[in-house]
Structures are given as structure tokens and as C-alpha cells.
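Asker: Dumping what Swiss-Prot says about this protein:
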- 184-205: transmembrane segment (TRANSMEM)
- 231-252: transmembrane segment (TRANSMEM)
- 264-284: transmembrane segment (TRANSMEM)
- 288-308: transmembrane segment (TRANSMEM)
- 324-345: transmembrane segment (TRANSMEM)
- 360-371: intramembrane segment (INTRAMEM)
- 372-379: intramembrane segment (INTRAMEM)
- 372-377: motif 'Selectivity filter' (MOTIF)
- 387-415: transmembrane segment (TRANSMEM)
- 474-489: region 'Required for dendritic targeting' (REGION)
- 506-524: compositional bias 'Low complexity' (COMPBIAS)
Amino acid sequence: MAAGLATWLPFARAAAVGWLPLAQQPLPPAPGVKASRGDEVLVVNVSGRRFETWKNTLDRYPDTLLGSSEKEFFYDADSGEYFFDRDPDMFRHVLNFYRTGRLHCPRQECIQAFDEELAFYGLVPELVGDCCLEEYRDRKKENAERLAEDEEAEQAGDGPALPAGSSLRQRLWRAFENPHTSTAALVFYYVTGFFIAVSVIANVVETIPCRGSARRSSREQPCGERFPQAFFCMDTACVLIFTGEYLLRLFAAPSRCRFLRSVMSLIDVVAILPYYIGLLVPKNDDVSGAFVTLRVFRVFRIFKFSRHSQGLRILGYTLKSCASELGFLLFSLTMAIIIFATVMFYAEKGTNKTNFTSIPAAFWYTIVTMTTLGYGDMVPSTIAGKIFGSICSLSGVLVIALPVPVIVSNFSRIYHQNQRADKRRAQQKVRLARIRLAKSGTTNAFLQYKQNGGLEDSGSGEEQALCVRNRSAFEQQHHHLLHCLEKTTCHEFTDELTFSEALGAVSPGGRTSRSTSVSSQPVGPGSLLSSCCPRRAKRRAIRLANSTASVSRGSMQELDMLAGLRRSHAPQSRSSLNAKPHDSLDLNCDSRDFVAAIISIPTPPANTPDESQPSSPGGGGRAGSTLRNSSLGTPCLFPETVKISSL
């Protein structure tokens with residue numbers, strides 16, 4: 001026992017001595033003391049998803065929204081949380097930035113939405129980490145290019161319809177840039193395409209050797225020299241068409257300076273200029289070489305097909321977007337050509353009858369070898385020349401193959417962007433067509449029901465209900481809206497303009513009104529306004545309550561969509577559905593088939609000097625009203641016509 005105690009006692013003493021420095025230090029504070037330092041937990045509620053973090057974590061970046069006192073504007077005292085109506089998935093990356101100091105860009109999120117979230121929280125895009133910075137910039141550049149191309153396509157392509165008062169230049173430019181807008185533009189589009197093809201084919205055919213007849217010499221001559229008159233007439237017709245097109249485009253261009261600097265304008269000038277120079281320059285031996293050189297430029301007419309081919313335009317956009325990669329390829333090839341041409345010249349310099357007479361002469365061999373063509377007109381004969389020729393061939397394959405995937409990816413990207421843009425435009429056209437069709441269909445059905453007596457009154461007194469027969473929910477709601485409009489405006493629905501006509505509607509009196517006000521009522525003997533207040537007949541502008549436009553009393557107003565007409569009572573009219581003589585009107589029906597819509601008429605302010613009492617909708621002297629529609633027979637027109645608007 002004593003031996004065992006003597007064994008472990010030195011170790012115990014050593015351990016006690018080791019603990020002495022720690023025992024002299026004060027004990028750590030209790031857990032409750034830590035909360036008094038001011039480091040508290042903040043709860044951030046982002047669209048219902050709660051995030052918790054330390055206050056000191058957010059205070060690291062005081063120039064941002066969460067790190068500054070501006071976040072107190074979003075504090076909810078009832079729940080004790082900071083509420084932000086933003087994207088919670090995006091906020092996760094924002095909060096990680098406060099924790100780690102590195103901002104990461106999510107791949108699955110839209111880059112534009114990510115930028116909007118950064119702008120809201122006061123973070124700059126330069127804070128994106130190095131791991132995501134390159135991809136972030138590429139995606140942002142691609143998105144900017146796509147938006148710019150879509151905007152340009154909308155401006156030059158199937159944009160919105162031109163207003164009714166558009167100028168001749170605007171209509172011409174729209175016809176040139178979008179031939180499918182009208183039949184005449186489409187015909188001109190195909191005519192110019194036909195003459196472009198004729199010009200290119202004639203330029204090729206005139207160089208084919210043609211044999212003469214048996215009686216004449218059998219010496220072959222080009223077809224252009226044997227039949228000069230025919231080719232001159234074809235060339236003249238084509239150039240006249242191209243000249244007329246160019247002048248019309250120049251006249252209709254929104255910016256003529258920009259049009260003159262465009263690539264297609266230069267192509268048009270190069271295509272037609274040789275013809276006019278050939279007419280002015282005399283044909284003699286001194287200028288024959290220059291004349292032949294000018295005729296070569298006629299081949300550039302083939303680039304006019306780029307206006308008629310979407311694939312050629314995509315190829316042009318691809319080459320434009322790959323300018324940096326193509327520049328790198330050209331620079332690399334130039335360096336390799338100079339190096340290998342120099343090596344091949346000195347390797348073949350000592351041989352007899354060598355074709356490598358100089359370094360520029362060796363350029364041809366190097367270019368043909370690096371592009372893997374290998375014509376065989378120049379070949380090395382020494383062992384060193386063959387070795388360096390093999391290295392030149394392999395290096396050419398590597399240098400040329402490197403930029404190809406980048407060009408292919410850009411072409412695929414631009415092609416799919418154009419496909420998506422075309423699809424969006426087609427979907428927009430279909431959507432607008434469906435809206436017009438549904439609107440026109442329900443309107444015509446409403447008029448037909450009125451003509452056939454399909455709409456009847458049921459009930460009496462304040463229990464007015466509109467009975468319908470075999471109609472869809474959309475039709476029922478639309479008909480109910482028109483019915484309520486009739487009751488509140490004291491006029492029957494007669495006709496509805498089309499969608500495009502309604503957008504371009506112009507008031508006959510030069511005035512517009514944004515609400516169905518009392519100024520839209522007819523003024524005359526026996527009308528509602530004249531019977532209640534004769535001063536309304538004066539043409540004096542007033543400001544109505546709940547109205548943003550100043551209207552004129554006693555003037556005929558054209559507001560938006562509908563037209564009303566007062567005339568005598570007819571057997572099939574629904575005069576009982578309009579305003580009643582008493583003041584209590586049931587504006588909505590109690591049927592379950594409809595969505596109630598309350599439509600109120602703004603009334604003049606009570607402090608108007610010349611109006612003591614508002615007019616009653618059921619004033620005396622109001623004649624019965626009937627239906628007027630062009631499809632229902634010849635209507636009887638009366639001079640008191642007023643147009644009312646749909647809501």
C-alpha cells in the first residue's frame with residue numbers, strides 16, 4: 001500500500017504544480033453576463049421565412065441596408081422582427097455575405113433578379129467573390145446582349161401597331177423592316193429578293209463560254225460579250241430596283257446619318273455604284289483594268305440576301321460577338337506563319353532548285369500546311385525541312401481548333417435567342433387575337449340576345465335579376481358589366497369598337513373624359529340636364545369630383561368604347577332595364593352567375609356656384625330608349641347622340 005502511494009504521489013504533485021498558473025487566473029464570466037454586452041440576436045423575416053443572426057454580424061458593413069439604421073424602417077414592433085417582402089432564396093446568399101465576407105452568385109437564379117436584390121440591400125456587384133465573378137460577368141453580359149437584341153428586334157420587327165396619325169416615313173420604314181405588316185410590303189419584299197437572285201445569276205452566267213452558230217466562227221466567247229445587250233438590260237433593271245429601294249430606305253429612315261453609316265447601307269452603295277461609274281467612264285484600253293475591277297464589286301449584291309435570311313443575320317451577329325476570339329486566332333496564326341516560314345527558308349536554303357527562295361515565298365507553304373490543305377506545289381526536300389513541316393502541320397491544327405468551340409457556342413446562343421424572341425412574338429399575337437375574338441364574340445352575343453329577346457327582366461321593384469341562357473362564365477360577366485353600364489349611364493349599349501380603333505379614338509370636340517360623368521349626358525329640350533338645371537346647357541368647363549380631366553358642358557363626348565343613342569320606344573327594347581323614374585336603383589343583380597360590379601357616376605361638387613341641386617337620373621321628360629346596331633337593320637338617327645365609355 002505504501003509502495004503504491006509512493007509511486008503516484010510525484011505525479012500528483014507535478015499535476016498540482018501545473019495547475020497553479022490556471023488557478024491564479026479569474027474564472028470566466030457566467031453565461032448570463034454575456035447578454036449584457038449588446039450582442040443580441042436579430043430575427044429577419046423575409047416573405048414568411050425567418051432568419052436569425054447576431055447583430056454584430058450585420059454591423060460589419062454599416063454602409064449596407066442591414067448594417068445601418070435604415071433597417072429600423074422595416075421593424076415590426078408587434079412581432080419583434082424585421083420584415084422584408086423580398087425573395088427569401090436570394091436573401092440566404094446576402095446573409096452568408098455578412099457571415100463570411102464573400103458574396104456568391106447562385107446559378108439557378110435570374111441574374112437580373114439577383115442584381116435587383118443586391119441593389120435593394122445596398123450591396124455592389126464588385127463584392128462578388130472570385131469564384132463566381134467570371135461567371136457573373138458572363139451571364140450579365142449575355143443578358144444585356146439578349147435584352148438589347150430583343151429591343152432592337154421589337155423596334156425593327158413586329159412592334160406595336162402604328163397610331164392612326166403616323167406619317168408616311170413611319171409607315172414606309174415599318175414596311176421595309178417588317179414586310180409582313182401589309183400585302184404591298186410583302187410583295188415588294190419578294191420582288192427585291194427576285195431581282196437580287198437575277199442579278200447574282202446574271203453575274204455568274206455572263207462569264208460562261210458560249211459557242212457561236214455553225215456559219216460563224218467557232219471561237220468561244222463569254223456570254224456577256226456575245227449577248228451584251230441582254231445582260232445590260234437585266235443589269236439595268238436590277239440596278240434601278242436597287243436604287244429605288246435605297247432611296248426609299250434613305251427617305252424613310254428615322255436617323256439618316258445612322259442609316260448611312262450602317263453596314264447594309266454600304267453594301268447597297270457598293271452593289272449599285274459600279275453600274276453608274278461604268279456609264280460615265282469611257283470604255284478604252286486605258287481604263288479597262290479599272291472598269292473590270294469595278295465590275296467585281298457587283299458580287300457584293302449577294303450580301304443583300306442577309307435582309308431576307310435570318311440565318312445570315314445570325315451568322316453576322318455570331319462573328320460580331322466572337323470578334324475577340326477571331327482576333328486571337330488571327331494573331332496566333334500570324335505569329336506561327338512568320339516563325340515557321342523563317343525556319344523553312346533556312347532549312348531549305350542550301351538545296352538546288354528550291355521553291356523557298358525567300359521568307360515571304362515560304363509564307364504560302366506555311367499557310368497551306370497550317371490550314372491542312374496541302375496543295376503540294378511546294379514541298380521540303382531536306383530532313384530538317386520535313387521535320388519542321390510536320391511540326392507546322394500539327395501546330396496549325398491546334399491553333400485553329402481552339403476558338404472553334406467558342407464560335408459554335410455563340411452561334412447556338414444567338415440562334416436560341418432568336419427562336420425565343422420569335423416564339424414570344426407569336427404568343428403575344430395569339431394572345432391579342434384571343435382577346436379580340438372573345439371581346440367581339442361576347443359583344444355580338446350580347447347584342448344578339450337583346451335583339452332576340454334573350455335577355456329579360458325577372459322580379460320587380462328592387463329585386464332586379466338578369467336572366468341568361470347557355471352562356472359561359474366569361475360571357476356572363478361581360479354581359480353583366482354591359483348591363484350595369486346601361487343602368488348607370490341611362491343609355492343602351494349599341495356598338496363596341498375594335499381593340500385597335502379604341503386605342504386610337506379621338507374626341508370629335510378635341511376633349512376627352514376619363515369617367516362617365518354627368519357632362520356626358522345629352523343636352524337639349526326634354527333632356528335630364530335641361531329639365532333639372534338649365535344652366536348646364538352653357539359651354540363652360542368645370543372640374544368634376546373624382547375626375548382627372550376637365551370636361552365641357554353641353555358638348556358631345558367620345559370617351560372610349562361604347563355609344564348610346566336616344567330614340568323612340570320599340571317593341572323589343574329593354575327600356576325597363578335602364579334608369580327608373582325613382583332614385584333607388586339596384587346597380588347589381590342578385591344572381592349567383594355573375595360577379596357584382598358597382599359602377600358609380602361622379603357627381604359635381606356641392607359648392608359649385610351655379611348648381612344648387614344635383615340632377616336626378618330619373619328626371620322627367622325622358623323618352624324611352626331602344627337598341628341601335630348596324631346588324632339589326634337600318635336605325636333611325638336623331639341629332640342628340642352621345643358616346644359613353646366602358647369601364
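Here the Cβ of each residue, glycine as well, is placed from N, Cα and C on the backbone.
Burial and contacts for the listed features, if you can.
Answerer: Counting same-chain residues at least six beyond the ends of the intramembrane segment (360-371), those with a Cβ under 8 angstroms from any Cβ of the stretch are 333, 336-337, 340-342, 344-345, 378, 389, 392-393, 395-396, 399-400.
Across the motif 'Selectivity filter' (372-377), the prediction's mean pLDDT works out to 83.
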Asker: Cβ pairs under 8 Å with the transmembrane segment (324-345): which stretch of 231-252, 264-284, 387-415 has the most?
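Answerer: Ranked by Cβ pairs under 8 Å, first place goes to 387-415.
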Asker: Report, as numbers and ranges, which residues of the same chain sit near the transmembrane segment (231-252): CB under 8 Å and 6 or more residues beyond its ends.
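Answerer: Distal contacts: 168-170, 172-173, 176, 191-192, 195-196, 198-199, 202, 206, 223-224, 259-260, 265, 268-269, 271-272, 275-276, 301, 304.
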Asker: With DSSP, how much of the motif 'Selectivity filter' (372-377) is helix, how much strand and how much coil, in residues?
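Answerer: Helix/strand/coil tally for the motif 'Selectivity filter' (372-377): 0 helix, 0 strand, 6 coil.
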Asker: Which residues of the same chain, at least 6 past either end of the transmembrane segment (264-284), have a Cβ under 8 Å from a Cβ in it?
Answerer: 235-236, 239, 242-243, 245-246, 249-250, 290-291, 294-295, 297-298, 300-301, 303-304, 306-307
Asker: Would you kindly list the residues that approach the motif 'Selectivity filter' (372-377) from elsewhere in its chain, counting only those six or more residues past its ends and only Cβ-Cβ distances under 8 Å?
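Answerer: Non-local partners: 355, 393, 396-397.
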